[in-house]
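Input: a single structure, listed below in structure tokens.
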Amino acid sequence: MRPQLNPSANRCMVFACVKSAEGHDMSSLTPTSRSWYKRNEIALTPWLFLFPAMLFFAVYVIIPIGQSFWISFHQWDGLGEKTYIGTANYERLLGIGDQNIDRKFETSFWNNLKWLVLYLLAVPAGLFIALLLNQTVRGIRLYKSLFFFPFVISQVVVGLVFSWFYLPREGLLNAILGVFGAGPVNILGDPTLATYGIIAAGLWPQTAYCMILYLTGLNAVDPEQVEAARLDGAKGYKMLWYIILPQLKPATFIAFVVTIIGALRSFDLISVMTNGGPFGSTRVLSFYMFEESLSEFGFRMGYGSAIAVVLFFIMLGFIGYFLYSMWRDEKGAR
């Protein structure tokens, strides 16, 4: 006789087989997109966090730089149609071919060189003040705050303060000179002195910024290296040169780059203190670019963009040099 199967047991066996088959099929069907993301999640997550910043950087930095290059090959007033003129703006700017060099551009270029050389004095001055303030004495926080104050105020305020400081009759500078019997000096009214007076005004907040960078770097100096150097007899100048300064290279690099950029885009102080005068003697490239592009006597967007491109390559050259020097030093240290 054939064995009789219990109907309920039979149904259970069929149900178990179906569930087993379903489980096997479901485990083999994995979503491709989800598995790809899971496999690359660690590599992709940093880029997802960086994407908003990269998007803003592209929209507000990369694209405007490209537009400046494109506009520099055109004659355009900012409203009408652009007229392609090739390299005519650069030829007129640099005096290439039959063109004479633009004297305003030449003056602006040499003033920018003065700014670059003298503005870099903020770096050693900031280091010197940081070394003085890197003490654990009573009231040092108050002194740090006083030296930090110039950095937090606006450049416009700095320009106004130094404009009053340089006044020929009421200014504090001429009052001090009068104590020593020196006559009044009109700093901002003298074409030979005005640029140096503005640079001195710019050095005040820039020195404070470099001081902050170096104070931060001094807090990160390895105390074990300092103690080991002391045991070896190093102190004073040798301690600073061989132990402290090598550990301050990142701060020095940032200080140099930011100071160079500040020197090349020194617009606000000039606009507030002299507006490019007297007789255009204090113009720099950034201010001349504004005059040609956006002032009431300008609206020559193509010519202003050509000035901006020249300024961009000057900045790129200096920053590239410092990046290469830092990379070479790190490579040599290895």
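From the backbone N, Cα and C atoms, a Cβ is placed for every residue, glycine too.
Note that TrEMBL annotation is computational and uncurated.
For 112-324, the entry in TrEMBL reads domain 'ABC transmembrane type-1'.
As annotated by TrEMBL, transmembrane segment applies to 42-63 (among others).
Annotated transmembrane segment per TrEMBL: 115-134 (among others), in sequence order.
What TrEMBL lists as transmembrane segment is 146-167 (among others).
The annotation transmembrane segment is assigned in TrEMBL to 193-218 (among others).
If you look up TrEMBL, you'll see 239-264 (among others) marked as transmembrane segment. Sequence-remote contacts of a segment are chain residues at least 6 beyond its ends whose Cβ falls under 8 Å from one of its Cβ atoms, and for the transmembrane segment (239-264) they are 112, 115-116, 119-120, 122-123, 126-127, 131, 202, 206, 209-210, 213-214, 216-218, 220-222, 225-226, 229-230, 284-286, 311, 314-315, 318-319, 322, 326, 329.
Marked as transmembrane segment by TrEMBL: 303-324 (among others).
Here the transmembrane segment (146-167) has Cβ contacts under 8 Å with residues 129, 133, 173-174, 186-188, 197-198, 200-202, 204-205, 207-209, 211-212, 268-269, 271-273 of the same chain, all six or more residues outside its ends.
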